[in-house]
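Taken from TrEMBL, the feature active site applies to S204, D358, H388. Taken from TrEMBL, the feature domain 'Alpha/beta hydrolase fold-3' applies to 122-280, 331-390. According to TrEMBL, the transmembrane segment annotation covers 20-38.
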Amino acid sequence: MLSNTVLLKKQNSYNMRKKYFGFLILGVLLAGYIYVPLPDNVEEPWKIMLLNTFLKTSSYLALFGEILGLNHFMKSMALFSRIQGFPPTSDENIIVKDTTFNDIPVRIYVPQQKTKSLRRGLFYIHGGGWCFGSNDYYSYDLLSRWTAERLDAVVISTNYRLAPKYHFPVQFEDVYTALKWFLDPQNLESYGVDPGRIGISGDSAGGNLAAAVAQQLLEDPDVKIKLKVQTLIYPALQNFDFDLPSYRENAHYPVLSKSLMVRFWSEYFTTDRSLKKAMLSNQHIPLESSNLFKFVNWSSLLPEKFKKGHVYKTPTHGSSELAKKYPGILDVKASPLLADDSKLRGLPLTYVITCQYDVLRDDGLMYVTRLQKSGVQVIHNHVEGAFHGTLAFLFTKVGYRAANQYINWLHENL
């Protein structure tokens with residue numbers, strides 16, 4: 001008969017094995033949750049997987065909360081993203097302060113070093129699908145600091161009201177209001193900015209707004225100051241066709257899936273989920289607006305290497321009722337790619353960044369083609385092995401390189 005001591009040891013050993021087995025199962029499940037297959041040319045894939053895990057978890061929690069009726073999906077995502085908020089903090093090189101331009105919140109970055117000459121000026125618009133994002137996010141704050149310091153420039157990083165509380169054209173109008181205030185000669189003088197060396201820049205939804213306001217400035221007789229450059233960082237430029245090769249190839253890749261991008265677009269115009277449903281099936285543009293598809297026809301606007309293996313499908317026309325209820329889906333201020341060639345010709349020197357594994361890649365590529373055909377000088381930086389949001393991921397090698405290339409280009413051309 002076994003002694004109590006031996007029985008106790010066996011019991012402890014059994015319990016320990018159960019714990020190890022439990023930890024093993026937990027580890028396998030956690031690894032399966034974190035792991036996502038990535039293309040071979042992606043650098044530091046584990047960083048992308050960890051980032052994707054955070055974004056995926058936030059998305060699941062937001063969706064769960066929406067299903068339970070606790071909160072709107074986008075409001076929850078905005079709440080989760082607030083952990084990136086960073087207060088205005090000056091250092092030995094840059095003075096940082098929050099203020100307003102005609103009631104629109106902006107964050108201003110001014111080099112500490114005194115100068116007798118006027119400085120460059122850059123007006124930056126953050127991304128976030130028109131639904132979340134802020135100029136105080138750490139990644140935007142850091143990029144603005146780098147830009148201000150390396151260019152010896154005054155950087156204005158603007159905010160704007162967000163969906164789902166506010167819909168198009170509020171975001172456009174807020175950005176345009178702040179930009180016009182900044183471009184007033186007296187205001188430029190007060191900040192020591194050279195009126196001949198002003199640029200506009202934005203990423204993702206901010207790239208959309210940057211392209212839209214740059215076009216609008218050309219038609220505004222009240223604005224005498226001309227932009228010297230525009231930089232569009234993986235911009236969203238059209239909501240007409242969600243069956244582009246980039247949407248097909250990258251529909252389920254990290255950071256920005258097709259379904260999330262379509263949700264962003266639909267929320268930009270309305271909380272009515274019928275628009276999202278129509279957009280997902282690519283049946284939201286009415287027959288009477290079919291003439292506008294020529295501006296976003298990827299079969300004629302994409303370089304051959306990006307069309308390879310894909311066949312163009314003529315979009316199925318949708319109900320006229322959606323366009324009547326939400327006319328913004330047909331507005332060039334929402335989709336800058338809809339601008340005709342005559343409107344594009346006056347645009348300034350343009351720098352466009354696109355990423356290989358990004359549903360928005362082809363928006364940028366088509367705009368590059370259209371600008372070039374309209375006689376606008378364009379520099380295109382296509383970042384291989386990169387996902388949407390790369391410049392916000394400064395902790396990755398590819399993000400750091402792309403940010404440096406962007407700042408170096410501004411240094412040479414602004």
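We count from 1, first residue shown onward.
Cβ coordinates are placed from backbone N, Cα and C, and glycine is handled just like the others.
No curator has checked TrEMBL annotations; they are predicted automatically.
Small disclaimer: the values here were computed from a predicted structure and weren't measured.
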Local confidence of the prediction over the domain 'Alpha/beta hydrolase fold-3' (122-280), expressed as mean pLDDT: 97
For H388 (active site), the number of other Cβ atoms found within 10 Å of its own Cβ: 27
Inter-residue C-alpha distance, H388 (active site) and S204 (active site) (nearest angstrom): 8
Spatial neighbours of S204 (active site) that are distant in sequence (at least 6 apart) but have CB under 8 A: G127, G128, G129, I233, Y234, P235, A236, L360, H388, G389
Set of same-chain residues at least 6 away whose C-beta sits under 8 angstroms from D358 (active site): Y234, S246, N250, Y253, V255, L256, A386, F387, H388
Counts of helix, strand and coil residues, the domain 'Alpha/beta hydrolase fold-3' (331-390), according to DSSP: 21 helix, 19 strand, 20 coil
